[in-house]
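Engineer: I have a structure here, written as structure tokens, and I will follow up with some questions on it.
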Amino acid sequence: MSPYVLTLLLFSLGLGTTMTFASSHWLLAWIGLELNTLAIIPLMAQNHHPRAVEATTKYFLIQASAAAVLLFAATTNAWLTGQWNIQAVAHPLPIAMATLALALKLGLAPLHSWMPEVFQGLDLTTGLILATWQKLAPLALLIQIQPPTPYLLIFLGVASTLIGGWGGLNQTQLRKMLAYSSTAHLGWMILVLQFNPSLTLLAMSVYIPTTTATFLTLKLAKATNINMLAISWAKAPALAALTPLVLLSLAGLPPLTGFMPKWLILQELSKQGLALTATLTALTALLSLYYYLRLTYAMALTMSPNNITGTPPWRLWSRQPALPLACLTVTTVSLLPLTPAALALVAL
């Protein structure tokens, strides 16, 4: 792809997300979401592979359906209330439709079934954009609207954590596993959204560098399934030693950084009198922990067989920049002691 075209597409991605962030009018927010979708479609189909074209088509159809439902919800709200302001949604019908449309865009369960297939057809770089940047604009709209009943978001959150953990258990493809991981993490964010939106932003700010470090590690190792992780020790021994910490941080295991948002979310749910929901959500995190442990075992405790004993593969120098991955790894692993500072920033 031409650098000028790539720059234009990335600029359109940023412009669409920024437009949705800054808008208080439903039409402007909808235009920002559509600009975001149209900008990423050429990035998804740039490989000219049948799987990439299939994934792009699926993504376009799903996002177009969600955008149509969202526009219908905004029109219904304008018909019922006479206003196009996002914060002026008062009737439960358009709120429910808009929430479900945004859940479809985010890939929340039970509207998640498109995500694993789309992720499987993409390269890791485009999958990283889809797992991180594309979640920001719909999540910003969800924060602005207030659902009529808390049970809708609680159902979406618990279902996402459960299915996101359950669906990744029998997977061998890393991209599908990361898609289910994204669904599970978004479920944690949605659970606490209506009680403490600042915790949702904190969880997203921890999720983005952790997921970015995971995607960049897999890209550096050129791994697409679990078996390919076994030879990563010969390509980059130091990275193979640190990657299990990144994966366990993504699972939310203490004392790593990923434990911080889950701990605070469970605390907030307990304060709101939802102890049963907090307990169920904590149990569903064990499902996600299991398949992260599978990846850790495949990378750190298995060895690829060689035809000649003691002959490792050639260790070629990687041309990819290592500094961003090193910074992301440190962020993923060692920010838990800064929890009081993060809480102070959240309180502001």
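Yeah, the Cβs are placed from backbone N, Cα and C, and that goes for glycine too.
Okay, these came from TrEMBL:
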- 23-287: domain 'NADH:quinone oxidoreductase/Mrp antiporter transmembrane' (DOMAIN)
- 289-342: domain 'NADH dehydrogenase subunit 2 C-terminal' (DOMAIN)
- 57-80: transmembrane segment (TRANSMEM)
- 92-112: transmembrane segment (TRANSMEM)
- 151-170: transmembrane segment (TRANSMEM)
- 177-195: transmembrane segment (TRANSMEM)
- 201-221: transmembrane segment (TRANSMEM)
- 233-253: transmembrane segment (TRANSMEM)
- 273-293: transmembrane segment (TRANSMEM)
- 322-347: transmembrane segment (TRANSMEM)
Engineer: Most CB pairs under 8 Å with the transmembrane segment (322-347): which of 92-112, 233-253, 273-293?
Structural biologist: 233-253
Engineer: Looking only at residues six or more beyond either end of the transmembrane segment (177-195), which have a C-beta under 8 A from one in the stretch?
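Structural biologist: Contacts of the transmembrane segment (177-195) (Cβ under 8 Å, skipping residues fewer than 6 from its ends): 103, 106-109, 112, 115-116, 118-120, 127, 131, 135, 139, 142-143, 146-147, 150, 153-154, 156-165, 167-168, 171, 203-204, 207, 211, 214-215, 250, 261-262, 265, 268-269, 272, 277, 281, 284-285, 288, 291, 295.
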Engineer: Six or more residues out from either end of the transmembrane segment (273-293), which same-chain residues have a Cβ under 8 Å from its Cβ atoms?
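Structural biologist: Distant contacts of the transmembrane segment (273-293): 154, 157-158, 161-162, 164-166, 168-169, 171, 177, 181, 184, 187-188, 191, 247-248, 250-253, 262, 265-266.
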